[in-house]
Amino acid sequence: MKQYLDLCQRIVDQGVWVENERTGKRCLTVINADLTYDVANNQFPLVTTRKSFWKAAVAELLGYIRGYDNAEDFRKLGTKTWDANANLNDAWLNNPYRKGEDDMGRVYGVQGRAWAKPDGGHIDQLRKIVDDLTRGVDDRGEILNFYNPGEFHMGCLRPCMYSHHFSLLDDTLYLNSTQRSCDVPLGLNFNMVQVYVFLAIMAQITGKKPGQAFHKIVNAHIYEDQLELMRDVQLKREPLQAPTFHINPEIKSLEDLETWVTLDDFWVEGYEHHDPIRYPFSV
């Protein structure tokens, strides 16, 4: 929690105003932030200075793991995070590759589970990683990559957190996640949860012990219409004790995650938080 608040304060104190062409808004911006999550000791990085809807973050991650490309499928899992980008993004609404209402195109999990090969067919990146790690193999390239410039025009949004690199040391699994851009007030509380949970769940289904997850953010920013709430409300609140995160031990394979797993298979204990803050969202 401290590293999250330190980053928020750093942006407020040291950030530079940058015009964002996509949203038409200014952002207070800093470059490079490194966060670390201790998954081994269940130090769950859930924001306490406002209510964080962690279940929606887990649902979104589960949708990526399943390779979903439709906002309706994400809603069925328990999150509406893709509704706006799928249905309210003018550029995407006028894109000939859009297949209709709720279609997201070839984004995130589609790239992770079905990266198109130039000679035809697809590569299932996640399946390869899970198979390798289960066998105790780390080829120094256990990388799940969502960033495919050749297909940006075929999706509603470029990936923000675009790379997840898993590494094995003996029987301990580590994760390095890289994020090109982060809406800190709205997005970071989601992204922290997802990095943590991704390492925890991958360790569980591959039979490894979770270690640390390292989260690098390149462009960290606060939109101008979010600044007052961050500076004068959230940063004035005292952080509370961190909760603990739990996963159903019956989840034992990638196939489990693809089929029967729901949000009921994840739970948090001891989550105390301040009141919610309704930060504006920029499409």
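Every residue gets a Cβ built from N, Cα and C, even glycine.
Note: ARG22 (dUMP binding site) has no non-local neighbours, i.e. no same-chain residues 6+ apart with C-beta under 8 A of its own C-beta. Feature annotation from Swiss-Prot assigns dUMP binding site to ARG22, ARG180, SER181, CYS182, ASP183, ASN191, HIS221, ILE222, TYR223; the stated evidence is sequence analysis.
Marked as active site, nucleophile by Swiss-Prot on the basis of sequence analysis: CYS160. Secondary structure at CYS160 (active site, nucleophile), taken from DSSP and collapsed to helix, strand or coil, is coil. Annotation for CYS160 (active site, nucleophile): spatial neighbours GLN179, ARG180, SER181, CYS182, GLY187, ASN191, criterion Cβ-Cβ under 8 Å with sequence separation of six or more.
Around the Cβ of SER282 ((6R)-5,10-methylene-5,6,7,8-tetrahydrofolate binding site), a 10 Å sphere holds 17 further Cβ atoms from the protein chains shown. Reduced to three states, the DSSP call for SER282 ((6R)-5,10-methylene-5,6,7,8-tetrahydrofolate binding site) is coil. Annotation comment: Swiss-Prot describes ASP183, SER282 as (6R)-5,10-methylene-5,6,7,8-tetrahydrofolate binding site, evidence class sequence analysis.
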